[in-house]
Amino acid sequence: MINSYLPAWPLHPDGVFWVGAALVLATLTGESVFRFLKWPRLVGYAAAGMILAAGGAGLNVYELQNSARAIVDTALAVLLFEIGHRVNLRWLRANPALLGMSLLESALGFGAVWITLVFLGFAALQSAIVAGLLMATSPAVVLRISSEFRTNGQVTERLLLLSALNTFYALLVCSLLLGMMDADGPQGAAASALHLLYLLGGSVLAAALLAWAVNWVERHFDFRDEGGALMLVGLIVLTLSLTRMLNWSALLTPLLAGALLRWRSPRPRLWPRHFGTAGGVLMVLLFLILGLSLNARILLAGGLAAALVIVVRLVAKLAGALAFGRVSGASWRQSVALGLSLNPAAGVSFVLALSFLGSSAGAALHPMLAVAFSAIALLELLAPLLTRWALGYSGDIAPGPVSRTTGGSA
């Protein structure tokens with residue numbers, strides 16, 4: 001009689017239990033490194049994922065579950081829309097040297113990684129894939145550090161701009177490389193070019209529709225309130241679903257939409273950071289999933305190649321920032337800080353690597369993508385610390401105690 005309602009022993013926790021436990025561990029780790037070490041919380045989130053992965057709860061990056069991929073895509077869409085809106089493209093007209101800086105640091109980063117991998121014996125096209133996906137400076141890391149440490153100054157604004165621009169370049173280059181992999185002869189090359197035009201045209205159209213919808217909804221909702229923020233997240237998620245159904249770029253669309261919205265209204269809108277609680281949870285899950293996927297085994301898989309890629313990429317981006325630093329109006333100190341702060345790589349590079357895994361030649365790319373995933377894992381843990389130090393070195397982080405709050409406007 002009693003056994004009819006008592007639980008069976010031993011207990012078997014379901015997936016919801018483990019998700020909750022992972023969120024608790026990630027939050028505790030993130031808050032601990034932030035309060036006691038003054039490190040970005042995202043380092044703790046990713047470290048928590050790696051700790052769980054070491055205990056056997058990791059995710060297979062080569063066979064990532066659809067649910068985990070959906071969370072990553074949604075979180076990145078929110079972040080890319082946010083950083084797109086933070087970027088004032090009119091600044092490029094007033095200071096064209098910034099455009100030159102972005103093109104040079106991206107080109108130098110691509111070239112340095114490509115030459116290094118070819119020198120190590122990898123195929124030219126496969127080396128270009130890794131170089132392309134590592135062009136991007138992680139918008140997620142840049143936004144989190146900027147918000148958590150209340151950064152304010154020339155280096156922060158330039159970092160946001162360059163992060164958005166080199167992410168745009170990386171998306172274009174990787175889309176082109178994906179098409180080249182499937183091209184076979186002149187007809188294949190023509191089909192690849194048409195596919196790229198379809199992807200870009202569709203993404204621009206979807207971005208314009210999203211920007212128009214946000215502008216219309218803003219007349220009826222206050223985005224500083226939770227309800228308005230949820231409406232905004234809903235619009236972004238709907239657009240994300242539409243782009244995936246139509247095979248448009250799920251990453252390029254929100255980035256362009258945010259930039260278009262800012263272009264129409266030079267004054268930035270005020271809304272909760274990451275659009276409220278829902279967006280905040282997505283950010284934690286994003287770095288947690290990255291940590292679960294890019295575990296210690298992945299870290300070691302890339303070996304010496306991944307370490308060399310990280311070093312040459314750092315030097316290349318620093319050189320690009322220094323070359324145009326004084327011309328663009330930055331001091332030597334600010335230029336050094338900007339070049340060092342450009343190094344984080346996380347969500348965007350991770351998703352771009354997954355897109356190559358899902359291509360027709362995905363299986364043949366495993367050895368090369370092992371280098372990419374290893375480099376991303378190392379940069380996810382170490383580069384945010386370098387960025388945080390560089391922003392402090394430039395004076396963009398005010399001296400004094402770090403705020404323990406996580407709120408703020410974007």
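Cβ coordinates come from backbone N, Cα and C, glycine included.
The annotation domain 'Cation/H+ exchanger transmembrane' is assigned in TrEMBL to 25-389.
As annotated by TrEMBL, transmembrane segment applies to 15-37 (among others). Here the transmembrane segment (15-37) has long-range neighbours at 43-45, 47-49, 51-52, 57, 148, 281, 284-285, 287-288, 292, 402, 404, meaning same-chain residues at least 6 beyond its ends whose C-beta is under 8 angstroms from one of its own.
What TrEMBL lists as transmembrane segment is 42-62 (among others).
Taken from TrEMBL, the feature transmembrane segment applies to 159-181 (among others). Long-range contacts of the transmembrane segment (159-181) within the same chain, counting only residues at least 6 positions beyond its ends with a Cβ under 8 Å from a Cβ of the stretch, are 80, 83-84, 86-88, 91-92, 98-99, 101-103, 105-106, 109-110, 125, 128-129, 132-139, 142-143, 146, 189, 192-193, 195-196, 199-200, 249, 251-252, 255, 259, 338, 341-342, 348-349, 352, 355-356, 359-361, 387, 391.
Among the features that TrEMBL reports, transmembrane segment is placed at 193-217 (among others).
The transmembrane segment annotation in TrEMBL covers 229-251 (among others). Packing against the transmembrane segment (229-251) from elsewhere in the chain are residues 73-74, 76-78, 80-81, 167, 171, 175, 198-200, 202-203, 206, 209-210, 213-214, 217, 221, 223, 257, 271-272, 275-276, 278-279, 348, 351-352: each is 6 or more residues past its ends and has a CB under 8 Å from a CB in it.
The feature transmembrane segment is assigned by TrEMBL to 271-291 (among others).
Taken from TrEMBL, the feature transmembrane segment covers 298-316 (among others).
According to TrEMBL, the feature transmembrane segment maps to 336-357 (among others).
Annotation comment: TrEMBL describes 369-391 (among others) as transmembrane segment. Residues of the same chain lying 6 or more positions beyond the ends of the transmembrane segment (369-391) and with a Cβ under 8 Å from any Cβ of it are 38-40, 42-43, 46-47, 61, 117, 122, 129-130, 133-134, 138, 141-142, 144-146, 149, 151, 155-156, 159, 287, 290-291, 294-295, 298-303, 305-307, 309-310, 313, 336-338, 340-341, 343-346, 349-350, 353, 356-357, 397.
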Next item on the list: Would you mind listing the long-range same-chain contacts of the transmembrane segment (193-217), meaning Cβ under 8 Å and 6+ residues beyond its ends?
Entry: 81, 172, 175-176, 179, 228, 231-232, 235-236, 239, 242-243, 246-249, 252-258, 260-261, 264
Check: By Cβ distance under 8 Å, which residues at least 6 away from the ends of the transmembrane segment (42-62) in the same chain are close to it?
Finding: 18, 22, 25-26, 28-34, 68, 140-141, 144-145, 283-284, 287-296, 298, 346, 354, 357, 366, 373, 380-381, 384-385
